[in-house]
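Input: a single structure, listed below in structure tokens.
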Amino acid sequence: MDPNRDSDDILRAKRSHDHSYMFDVAFSQRATQRDVYQRTSQGLVSKVIRGYNATVFAYGPTGAGKTYTMLGKTGEPGIMALTLSDLFAKMEQNQATSRYRVTMAYLEIYNEMVRNLLGPSVGILDLREDAHGATVVSGLTEVEVHDSDEVMDLLTRGNLRRTCEPTAVNKTSSRSHAVLKVTVEQQSRVLNMCQKIRTGVLFMIDLAGSERAANTRNRGLRMKEGAHINRSLLALANCINTLSSGGQYVNYRDSKLTRLLKDALSGNSFTVMIAHISPASSCYEESKNTLKYADRVKHLKTKVSSNVVEVDQHVSEYQACMESMRTRILELEGHAGVAGGRGRQSVY
Ligand SMILES: Nc1ncnc2c1ncn2[C@@H]1O[C@H](COP(=O)(O)OP(=O)(O)OP(=O)(O)O)[C@@H](O)[C@H]1O
Ligand SMILES: [Mg+2]
């Protein structure tokens, strides 16, 4: 209900204020963290393991529950923790046939500066583009991880460094966008002449919330942060507008956030957007805008393909491969001989 709507205004009373949107799923306030996880990012786990890129991002006004959804709180882990524990469980199941290497990086974009949340010191990092046009963060600390406990430990440490301050709207307001990057490299354990390495990258992003200075009553540094947050979210909204209207020139370079999200919005990525809205009429404008952008994002198309590189083997590995094949052939011949009731001899 629009709180500013005047029911006595005869001219406007008949105008329809209803809007319908079509989303993949909508959650009520009774939804648990696991309900949200299962219907949003659970499906991405097996894709990342198979070498596809995926992105999950939480969007919405300040105080609407983005950090709660992505990070959660003690006893109620959010999407980041639930996804990673599923990821490790799936890799464990495939241990016999595949070898994995998992690395993670955690960064925040604070006042248009990219900061390392896992490095020895919170340095400011640069964004640049690689030969394929993908955005890379130079100097970002990538830590190899072996189980979900290790990941949780790193996440907790990273979160302590993240910029979070109380405002009039949210006691624990995120003043930065936090980006968790998990890279999974998968290689078959079966020896082959040409080994394939699949690399899937999963981004999980807790955006800072859009805010109106009047609501947050922010002054000084909080106000400056708010301006940066709004500017990068506006850049994101502009990219979404251009992409959804079929525009050719998308201005990703307007902010660090959009440069990082470029692939998630139009490139090689399976992308899930979780829009957060408040049912309070005091949040009418914010909820309306959030729904509008979520609806536009729903129409965006990405082009996904698995990231596979073939690695030529070293001569010694060819020899090992031939050796393993020869043993296998002899074994099979032995079985065939026993089954057929006659002996055979082969020379290799
Ligand atoms: N579904 C929920 N169940 C229980 N508590 C919740 C839920 N959603 C949000 N909260 C609580 O509401 C408060 C505000 O939520 P949160 O910090 O996640 O908002 P936010 O969208 O991240 O805001 P900001 O943009 O300012 O960072 C927090 O104390 C959080 O724990
Ligand atoms: Mg937050």
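Keep in mind that glycine also has a Cβ here, set from the backbone N, Cα and C atoms.
Small disclaimer: the values here were computed from a predicted structure and weren't measured.
In the three-state DSSP classification, THR62 (ATP binding site) falls within coil. Residue environment of THR62 (ATP binding site) contains 25 other Cβ atoms, counted within 10 Å of its Cβ in all protein chains. The annotation ATP binding site is assigned in TrEMBL to GLY60, PRO61, THR62, GLY63, ALA64, GLY65, LYS66, THR67.
If you look up TrEMBL, you'll see 1-300 marked as domain 'Kinesin motor'.
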Just name the most isolated of the binding-site residues PRO61, GLY63, GLY65, going by other Cβ atoms within 10 Å of its Cβ.
GLY65
Sequence-distant neighbours of GLY60 (ATP binding site) in its chain (C-beta under 8 A, six or more apart):
LYS66, GLY209, SER210, ALA275, HIS276, ILE277, GLU286, THR290
For ALA64 (ATP binding site), write down the residues of its own chain that are at least 6 apart in sequence and whose Cβ falls under 8 Å from its Cβ; none is a fine answer.
GLY209, HIS276, ILE277, SER278, CYS283, GLU286, THR290
Can you give me the same-chain residues 6 or more apart in sequence from THR67 (ATP binding site) with a CB-CB distance under 8 Å?
ALA58, GLY78, THR172, SER174, ASP206
